[in-house]
Amino acid sequence: MIIKPEITGVVARSAHPLGCEQAIIKQIEYVKNAIPIKNGPKRVLIIGASSGFGLAARIALTFGGAKADTIGISFERAQNEKNVGSAGFYNNLYFQKHAQSEGRIAVNIDGDAFSSRIKAEAIEAIETYFEGEVDLIIYSVASGVRPKPDTGEMWRSAIKPIDQSVFGASISLEDDQWQETTLPPASDAEIEGTLKVMGGEDWELWVDALINSESIGEGCKTIAFSYMGSDITHPIYLDGTLGRAKIDLHQTSHSLNLKLANFNGGAYATVCKALVTKASVFIPGLSPYLIALYKVMKANGTHEGCIEQMQRLFTTKLYGGGTDHGDKDNLTKVPVDGERLIRIDDLELDAATQQQVHTLVKTMNRDNFQDIGDYCGFKNAFLQLNGFGFEEVDYHAPVDLEQIVTPVIVP
Ligand code: NAI
């Protein structure tokens, strides 16, 4: 079959397997030529491994110097008679193919990370493939829903401001239209739902389950990703429902840090840069900021994608800090800010960059956003997340999906 991009609003309805492989290959090439990760972890569990930051972290740790083996959890759609399958589904297949070809263990577990069943499956896989222990746990789930245990009902996240209405624009990737909306303040139930889905509770449940099953290795660390942004995005993000959930995540990092101290390890919330991912294009008001940010950071030579962010995180922060002289075990010190957060959003928040972004966003409107912002780069990044827009791929050639799905070797 011939596979074309299909987009509804900001949701991709199709994915091109061969383009997904290209995206993986390009990320592998990047980390192979970047500063290598030294003293990195060898056995890594990534929850939310099939796209965005989780996938980039998996690629960086496997191919960027650490030579880590990985178990990746994700919730993706396989191909069937009606659908070609989601990009994350193909990302998992191709990541596994390339990792295995270099002798690495790469186990994919597909299912709901919030469930006890998938936690048990992960523990079993750690037992089978990692001799029972992990050195790093990355929590990178971005979801709109979380099932309530036992009842079958759902908590739902709502991306809304708190205690105020916020006016902002979104950009429909389906027809390149600028859409202005006023978001009303979230209800208490919406604040609570977002906290349950995107806060720290499930991260803590994972780490607790791994502690209880004695799956935590000596020096094991855990990270989860956060976003803070600048005063342009604060009304919809940091001061809104998502920000409330992220603050909960930051607090969770402190309690997990105490628990992992028993293993000479640590837990950190890691604040990343705003990027186009499957999840971020959903955030109302963020798109104009993103296209302004991409324009400015590309012009200044400071733009990074998920892969650059992750390689820098591991080489300069999580496994690249100075030695903690006060520590008898000579543990590596992780550089953090005053709130004990790892910051790799420094280039985004650079004062001069923000000043330029401010100026652009102020003058941006429905008529000029394609000219004054990097809308082309934004849209291309979205297409590439779904395997489209790679010059190496012949998009006119038919794809035999069955042939693509079969060659996977299970380690
Ligand atoms: P993404 O949408 O690219 O990836 C999300 C991952 O979660 C995928 O692997 C997906 O399969 C998995 N997932 C979703 N629901 C699941 C479930 N029920 N069970 C198992 N796996 C599930 O998202 P992205 O953007 O990489 O986000 C990851 C984290 O990074 C989130 O916490 C997000 O808030 C944070 N972050 C994102 C930023 C951005 O600009 N994209 C900036 C800073 C932080």
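The backbone N, Cα and C atoms fix where each Cβ goes, and this holds for glycine too.
Copied over from TrEMBL, here are the features:
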type: DOMAIN; residues: 2-80; note: domain 'Trans-2-enoyl-CoA reductase-like NAD(P)H binding'
type: BINDING; residues: 48-53, 75-76, 112-113, 141-142, LYS246, 275-277; note: NAD(+) binding site
type: SITE; residues: GLU76; note: site 'Plays an important role in discriminating NADH against NADPH'
type: BINDING; residues: TYR227; note: substrate binding site
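What TrEMBL annotates, mapped onto the structure for a quick look.
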{"residue": "GLY48", "record": "NAD(+) binding site", "DSSP (3 states)": "coil"}
{"residue": "PHE75", "record": "NAD(+) binding site", "DSSP (3 states)": "coil"}
{"residue": "ASP112", "record": "NAD(+) binding site", "DSSP (3 states)": "coil"}
{"residue": "VAL141", "record": "NAD(+) binding site", "DSSP (3 states)": "coil"}
{"residue": "TYR227", "record": "substrate binding site", "DSSP (3 states)": "coil"}
{"residue": "LYS246", "record": "NAD(+) binding site", "DSSP (3 states)": "helix"}
{"residue": "VAL276", "record": "NAD(+) binding site", "DSSP (3 states)": "coil"}
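Mean pLDDT for the domain 'Trans-2-enoyl-CoA reductase-like NAD(P)H binding' (2-80) in the predicted structure: 96. Looking only at the recorded positions GLU76, ASP112, the densest Cβ neighbourhood within 10 Å occurs at GLU76. The number of other Cβ atoms within 10 Å of the Cβ belonging to PHE75 (NAD(+) binding site), over all protein chains shown, comes to 19. Within 10 Å of the Cβ of VAL276 (NAD(+) binding site) there are 25 other Cβ atoms, across all protein chains.
Each residue contributes its Cα atom, and for TYR227 (substrate binding site) and ASP112 (NAD(+) binding site) these two points are 23 Å apart. Within 10 Å of GLU76 (site 'Plays an important role in discriminating NADH against NADPH'), as judged by C-alpha distances, the binding-site residues found are SER50; the full candidate list was SER50, GLY52, VAL141, LYS246, VAL276.
Taking Cβ-Cβ distances under 8 Å and a sequence separation of 6 or more, the neighbours of GLY48 (NAD(+) binding site) in its chain are GLY54, ILE73, SER74, ALA113, ILE138, TYR139, SER140, VAL141, ALA142. Residue counts for the domain 'Trans-2-enoyl-CoA reductase-like NAD(P)H binding' (2-80) under DSSP (helix as H, G, I; strand as E, B; rest coil) come to 28 helix, 15 strand, 36 coil.
Shown in sequence order, SER140, ALA142, LEU275, THR277, LYS278, ALA279, CYS306 are the residues of the chain, 6+ apart in sequence, with a C-beta less than 8 angstroms from the C-beta of GLY52 (NAD(+) binding site).
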